[in-house]
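The annotation Zn(2+) binding site is assigned in Swiss-Prot to C144, C147, C163, C166 on the grounds of sequence analysis.
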Amino acid sequence: MSTNVAKARVKSVLNESRQIERAAVLIRMGARMQVLESETTLSYERLIRLYKEIAGKSPSKGQLPFSTDWFLTWQENIHSSLFLNIYEYLSKGLDLDAVELLIRAYRLYDEQVTTTAIAPLLSFTRAWRLVKFVDAGMLTRTRCARCGGQFVTELYESRHFICGLCHPPARAGKSRVAGALMLH
């Protein structure tokens, strides 16, 4: 019987170690406390200590935004759509748990955006929230009638949807803000 107890302790120590490593990765990627609490089994107090140790500061306070609107505005939609397409592609080809899939997809999104010298508009926490909105059926992907790309839209978007790249808003591309797309 003592062998079973020893195995159980080893399993729990290994599991806790995995949870700490997962939380550390999420913190380094900029995840907010709500993400850490949702995606790990560590206590709130433990997460706070880990966050302070890794980030060197206390975590941001306050609620996460609970609105799909951010993902539907012009530039944010382009970034959200790029991330979600990467996420969906990886989910079909890799057998990973949801958090590992999110981490890999976000790293690829970040890599793609930064290689084009554009600042990523989509934070890791917003990417997590986007996946939650899609899983809850609040957002989906719709094919653009012109270019054929898949873009984040509300659930019942028109079949004749035209994306923000094919039909940008009138003032699009005029901003000099970091991360802004410049249209020529």
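Cβ from N, Cα, C; glycine included.
In this structure, the binding-site residues C144, C163 were compared by how many other Cβ atoms lie within 10 Å of their Cβ, and the smallest count belongs to C144. Long-range neighbours of C147 (Zn(2+) binding site) (same chain, six or more residues apart, CB within less than 8 Å of its CB): C163, L165, C166.
The Zn(2+) site is set by C144, C147, C163, C166; from the centre of their CB atoms, other residues of the chain with a CB within 8 Å are A145, R146, G148, G149, F151, F161, I162, G164, L165, H167.
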